[in-house]
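What TrEMBL records for this protein:
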{"type": "SITE", "residues": "Arg17", "note": "site 'Important for substrate specificity'"}
{"type": "ACT_SITE", "residues": "Asp86", "note": "active site, proton acceptor"}
{"type": "SITE", "residues": "Thr87", "note": "site 'Important for substrate specificity'"}
{"type": "SITE", "residues": "Gln175", "note": "site 'Important for substrate specificity'"}
Amino acid sequence: MIDFEKTKLILASNSPRRSELLKQAGYEFEIIASNMDEQTSETEPALVVKDLSLQKATNVFNSIMKVVNLSLDAYEGVSLMIIGADTIVAKDNQIMGKPKDHNQAFDMLNLLQNNTHQVYTGVSIILYDFETKEKKVHSFHDCTDVEFYPMTDSEINSYIETGDCYDKAGSYGIQGSFAIHVKGIHGDYNNVVGLPIAKLYHELEEM
């Protein structure tokens with residue numbers, strides 16, 4: 001079991017939604033966002049999010065270790081944990097990330113409206129013990145089904161014009177004003193927000 005009093009926890013994400021979920025669960029952590037280009041050779045949604053989350057966690061881990069090697073004494077008796085996450089939306093295995101412009105956001109939402117789609121979040125955990133030099137790496141994913149009500153072109157455009165869509169996979173945020181268009185979900189709501197916090201808790205308990 002992880003001793004969090006002796007573990008430095010780093011969230012490898014700038015997402016305010018992931019940060020808030022970790023805070024709500026009672027974790028103390030710092031934020032160091034990865035600066036990698038998000039590219040993967042995987043094509044299946046579950047594998048895509050696990051691969052990208054691991055890339056993010058690894059990128060931050062490597063950056064920290066470069067600094068640590070200059071001041072090892074400051075980390076004596078401490079473990080380091082990096083949590084990376086990636087979320088995508090998929091409809092009929094068509095993967096949707098964050099939209100680049102209004103037209104792309106419209107196309108995504110028009111495809112999703114009046115339909116059910118899947119939201120995948122991959123999470124990767126890197127745990128490193130500075131004393132024993134032991135490194136553990138664990139990745140998992142969660143999937144939630146989300147169903148939208150029918151939406152008119154006007155409703156889609158009005159939402160896009162709020163600007164809320166551009167930093168979110170699939171061009172929507174379930175926790176914001178878009179909630180009026182969500183007919184139902186099957187699975188973990190927090191997974192759609194960006195971090196399956198309950199599953200993360202239980203995965204950490206097993207490490």
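Cβ atoms are placed via backbone N, Cα and C, with glycine included.
Curation does not apply to TrEMBL; its annotations are automatic.
Most Cβ neighbours within 10 Å, among the recorded sites Thr87, Gln175: Thr87 holds that distinction in the structure as shown.
A straight line from the CA of Thr87 (site 'Important for substrate specificity') to the CA of Arg17 (site 'Important for substrate specificity') spans 12 Å. Around the Cβ of Arg17 (site 'Important for substrate specificity'), the number of neighbouring Cβ atoms within 10 Å comes to 19. Annotated pair Gln175 (site 'Important for substrate specificity') and Arg17 (site 'Important for substrate specificity'), C-alpha to C-alpha distance, rounded: 9 Å. DSSP assigns Thr87 (site 'Important for substrate specificity') to a strand. The Cβ of the residue listed as 'active site, proton acceptor' has Glu38, Val48, Val49, Leu52, Ser53, Lys56, Thr121, Gly122 as same-chain neighbours under 8 Å, each 6 or more residues away in sequence.
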